[in-house]
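Enquirer: Below is a structure I'd like to ask you about.
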Amino acid sequence: MKNDLFLRALKGETVDRPPVWMMRQAGRYLPEFMEIKAKYDFFTRCQTPELASEITVQPIRRYGMDAAILFSDILVIPQAMNIEVQMKPNFGPYLPNPVRTSKDVNNAIVPDVKEALDYVYQAIKATKEKLNDEIPLIGFAGSPWTILCYCVQGQGSKNFDKAKAFCFTNPVAAHQMLQKITDTTIAYLKEKVKAGVNAVQVFDSWGGMLSPTDYQEFSWQYINQIIEALKDDAPVIAFGKGCWFALGEMAKSGASALGVDWTCSPKNARYLTGGNITLQGNFDPSRLLSPPETIKKMVHQMIDEFGKDKYIVNLGHGILPNIPLENAKAFIDAVKEYNM
Ligand code: CP3
């Protein structure tokens, strides 16, 4: 690997500057992404290795991040479990037959992920060829809780009230479903590593919806199963949006790094995690609307606060579609200029 900064930061090694990538870096702020999006619908892009690999390397060509993340979606898992998922333009994910009863849970299958998600591994192989061992490739999955949120709610939501109601009224079925998702996800991530990804990230986008106690019961214990199953195959990054309250518990796990969002200060994140584990984050994605010079100052300050070691520069959540190209460039360049 020509540039192994990202993998070294995951190991906690001393570096001249921290590595940088952006969550959702292959996305709608890029005109070259919009060109492909205009021609092919969402799941065609995910399922066609040539398209998925091209979209994955687009931001790398433009900005030279230190890691690529495979273009795909967390909702390929429910799809593989026989739960229909549509991606509606200007609406987002839509699941016409949501999981609402024990019978629905019984109908969800734990698939042969080798077969059901073969297109993902083909996309990984195509991407690895394009990356030519320049930088590492990240594979990802949603946390079981975040996947359950969509499976039960049937669409995005401000509070995922139906998903929570299901857990609190039918906890036995909810746990069965969470375990099925966990088993599928572990097998899936292991295949992704076999296909060539160098690290995996678990996105718990909706973990912060839960109280600290419910988080342990409905989210963390399943993420922890994934970490335990994967940690000897590849480094695992656990990102919980709004989950600062769980950072102490998460730091005791086998994860190589923890994601942090912008509602937790770098100092508090270091304090809560005991100062030893690699942290990733936590620039407010909306802050990329600031002028480029301000972005650069803020990024340098963020690196100073986290410390350059055991740190991966990132946003605190996905990049927004309305970010100017030169502002995204300022974010990446600021990191490369650090220590120069
Ligand atoms: O980071 C990357 O560049 C890789 C691409 C990536 C996508 N989805 C592509 C995508 C990743 C890492 C994801 C993960 C994902 N998908 C998450 C977890 C991360 C997070 O943001 O919290 C979640 C919750 C989803 C579910 C999902 N997919 C939603 C809610 C939406 C619609 C909202 C939106 O942003 O449009 C999607 C669609 C989606 N997934 C798009 C992209 C680029 C946009 C739609 C499109 O391109 O047609």
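Keep in mind that glycine also has a Cβ here, set from the backbone N, Cα and C atoms.
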Enquirer: Figure out which of ASP73, ASP232, ASP233 sits with ARG24, GLN25, ALA26, GLY27, ARG28, PHE43, TYR150, SER205, HIS317 in the substrate site per TrEMBL.
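Expert: Between ASP73, ASP232, ASP233, TrEMBL records just one in the substrate site with ARG24, GLN25, ALA26, GLY27, ARG28, PHE43, TYR150, SER205, HIS317, namely ASP73.
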Enquirer: Greatest CA-CA distance (Å) over the residues ARG24, GLN25, ALA26, GLY27, ARG28, PHE43, ASP73, TYR150, SER205, HIS317 that the record ties to substrate?
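Expert: Pairwise Cα check on ARG24, GLN25, ALA26, GLY27, ARG28, PHE43, ASP73, TYR150, SER205, HIS317 gives a maximum of 22 Å.
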Enquirer: Could you work out which of the binding-site residues (ARG24, ARG28) has its C-beta surrounded by the smallest number of other C-beta atoms within 10 A?
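Expert: Candidates: the binding-site residues ARG24, ARG28. Fewest Cβ atoms within 10 Å: ARG28.
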Enquirer: Could you tell me which three-state DSSP class ARG28 (substrate binding site) falls into?
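Expert: Its secondary structure by DSSP: coil.
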